[in-house]
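Inspection log for the structure reproduced underneath, given as structure tokens.
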Amino acid sequence: LGEASSTHLLDLLEEPIPGVGTYDDFHTIDWVREKCKDRERHRKINSKKKESAWEFTKTLAGVIDIVADWMNDLKEGVCLSAMWFNHEQCCWDSNETTFAERDKCPQWKTWAELILGQAEGPGSYIMNYFMFTFWALSFAFLAVSLVKVFAPYACGSGIPEVITYIDQTSSSNRFYLILEFLDNVHGLSLGKEGPLVHVACCCGNIFSYLFPKYSKNEAKKREVLSAASAAGVSVAFGAPIGGVLFSLEEVSYYFPLKTLWRSFFAALVAAFVLRSINPFGNSRLVLFYVEYHTPWYLFELFPFILLGVFGGLWGAFFIRANIAWCRRRKSTRFGKYPVLEVITVAAITAIVAFPNPYTRQNTSELIKELFTDCGPLESSQLCQYRSQMNGSQAYSEGSDAAATPGVYSAMWQLSLALVFKIIMTIFTFGLKVPSGLFIPSMAIGAIAGRIVGIAVEQLAYYHHDWFLFREWCEVGADCITPGLYAMVGAAACLGGVTRMTVSLVVIVFELTGGLEYIVPLMAAVMTSKWVGDAFGREGIYEAHIRLNGYPFLDAKEEFTHTTLAREVMRPRRNDPPLAVLTQDDMTLAELQNIISQTSCNGFPVIVSKESQRLVGFALRRDITIAIENARRKQEGIMLNSRVYFTQHAPTLPADSPRPLKLRSILDMSPFTVTDHTPMEIVVDIFRKLGLRQCLVTHNGRLLGIITKKDILRHMAQMANQDPESIMFN
């Protein structure tokens, strides 16, 4: 029988089974297993040319920027000379504008001018008000409708999902790109960086299926997605180095050195393509390029640190308020109607935002105006100083920094805009539309920073003889740059919300070109992180990961409890015995019965029920696929066929049906710990090795199993939370 069976049996070691080694949708992947598969692949292709998917770039982001700017300006008017131009592009070739009205041009027509034929008066104001609200509601309705009907996974920031997916969770491969065009045109207090990171990862996921090196290995695919997330930040802000650091600090679970330089190359190519497209129209790569004419002085560290305190307080308040609102929305009937919810918030946003020019304009344009240093060519109300009004004195030759009533009026409008942005961002982030958080957080910080900057500037002008200003501020000279305070405030608020440090500082100075001001940025960002951590150590993305029930082990969170592996493993004291498989004395019917009666994703394989000595571990999905493949390709497989996981078939009676060999799907080296291993070490092993499960033994005998979700439930229990209330989505 042994000789006959060896010639007829399907040897699964020699013929791979299609589908074995893959994962079901939204299941945790095993990094150790994937690394072993990659080493085996390397052995087979040493003499073969290596494939690569790293050269694909993200040109889609430049198109998104252009289309989003055009759709945003469509709320105010259209360009008659070229309908596809936004307001700024429409006025590039205009020679009819005067210096006093250099932000207007005859080619650009507001909706009141087109419909009523007049640009001023109550009727035109009401018409522009109505069209602004109409287009905002139209874009919001289009975005939420597409999300609801076609792409439910495109809602939200996308970064929590990317973090969890890169960490360990498998994907459903439902990726959607077109919805990200609507990320910042519906008037809501949202940004575009989250959707652009999501878009980049969508592209990386799609391209990875073109190469077997990445499509057949989940761990290698995540290296592609780490580089893709770096490229996403690169094209969102024009910050390639910051994008790489963002992927390293915030997104990636596993980031080897080769992924670092590959991510750098991907961000470089993405930034080069973005520069070639020139979506900002200023022939620069960065979104908010600034040039300040004065350095920062030592006494300014105090207001910079105050901005850091404000950023930390705002971040802690926002995270708690937004999470509480999201939980309440899920528990009420209002949250069950996402279209109505988005339309309501968009209507409130548009109605309240239009009267204030600083809330009416695009958030990116607002940040750019707040960052900009006042000069003779600036027409902003924030730059209406006495020296700017007479126009006879060059700005660089010394200036009168006394503010006019226009500046104070702008400060009141900015104060109202600050309150509006704070409230609406809390209630908007988390709606069922593509949404980012970088731009709204930066806008809040930039508004607060500009207000503080103008206040310090006027204080230094009128009290230049104070000991703080006496050494640095001479009479008639500029020593305070309000735009710098806006930049520092933006970094502080963004750091308070995300708790990023190194990558955030690099992103901001790349974003603005302000390399000289790294020290103020570092001081504000670190202060905001310290203040925010005093109220809770998790950032907004970690909070939404926990809110959505994603199985994610945060490497930043420390495990300080003195528990042992036997206290966490399953089965517990009152649980039924652990479902196990024996290596050579089970029938196919018994195996299928175990699979149908349990929901385990895998089963330990032991020598026998008496010895309980561990042989290996077999995944549920692999067993199912192997059985179906054997029945399709082999004859004589019956319910009473013997299933064995050993190298050689067991001795069977002559009239027995053909046995089924499943050794090839058996993991012969499952990770094990003893029952006395401290859970602190177990948690660290799961984090650093990316384990899916770990078997617990005592003197070589199998006792139980610990999965990633068991650890998350145990950590929740240690934090005085109900472990059964945690839902893993």
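Backbone N, Cα and C atoms are what each Cβ position is placed from, and that goes for glycine too.
What TrEMBL says about a protein is an automatic prediction, not a curated fact.
Going by TrEMBL, these are the annotated features:
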| type | residues | note |
| --- | --- | --- |
| DOMAIN | 569-635 | domain 'CBS' |
| DOMAIN | 666-724 | domain 'CBS' |
| TRANSMEM | 129-151 | transmembrane segment |
| TRANSMEM | 224-248 | transmembrane segment |
| TRANSMEM | 297-319 | transmembrane segment |
| TRANSMEM | 339-358 | transmembrane segment |
| TRANSMEM | 410-431 | transmembrane segment |
| TRANSMEM | 443-464 | transmembrane segment |
| TRANSMEM | 484-509 | transmembrane segment |
* Structure fact -> Counting only residues at least 6 beyond its ends, the same-chain positions whose CB falls under 8 A of a CB in the transmembrane segment (297-319) are 422, 425-426, 441, 444-445, 448-449, 452-453, 456, 468-469, 472, 479-480, 485, 488-489, 491-499, 520, 523-536, 538-540, 543
* Remote residues contacting the transmembrane segment (410-431) - C-beta distance under 8 A, at least 6 residues beyond either end -> 144, 155-157, 188-190, 314, 318, 321-322, 325-326, 329, 338, 341-342, 345, 348-349, 352-353, 356-359, 366, 380-382, 384, 437, 440-441, 443-444, 447-448, 450-451, 454, 540, 544
* Positions on the same chain near the transmembrane segment (443-464), where near means CB under 8 A and six or more residues out -> 300, 303, 306-307, 310-311, 314, 358, 363, 366-367, 370-371, 382, 401-403, 407, 411, 414-415, 417-418, 421-422, 425, 470, 473-475, 479-494
* Structure fact -> With the cut-off at Cβ under 8 Å and a gap of six or more residues from its ends, the chain residues touching the transmembrane segment (484-509) are 233, 237, 239, 241-243, 245-246, 248-250, 290, 292, 296, 303-304, 307-308, 310-316, 318-319, 367, 370-371, 437-438, 441-450, 452-453, 456, 515, 517-518, 520-522, 524-529, 531-533, 537-541
* Asked: Looking only at the domain 'CBS' (666-724), what is the mean pLDDT?
  -> 86
* To do: Report the DSSP secondary-structure composition of the domain 'CBS' (569-635) as helix, strand and coil residue counts.
  => 24 helix, 17 strand, 26 coil
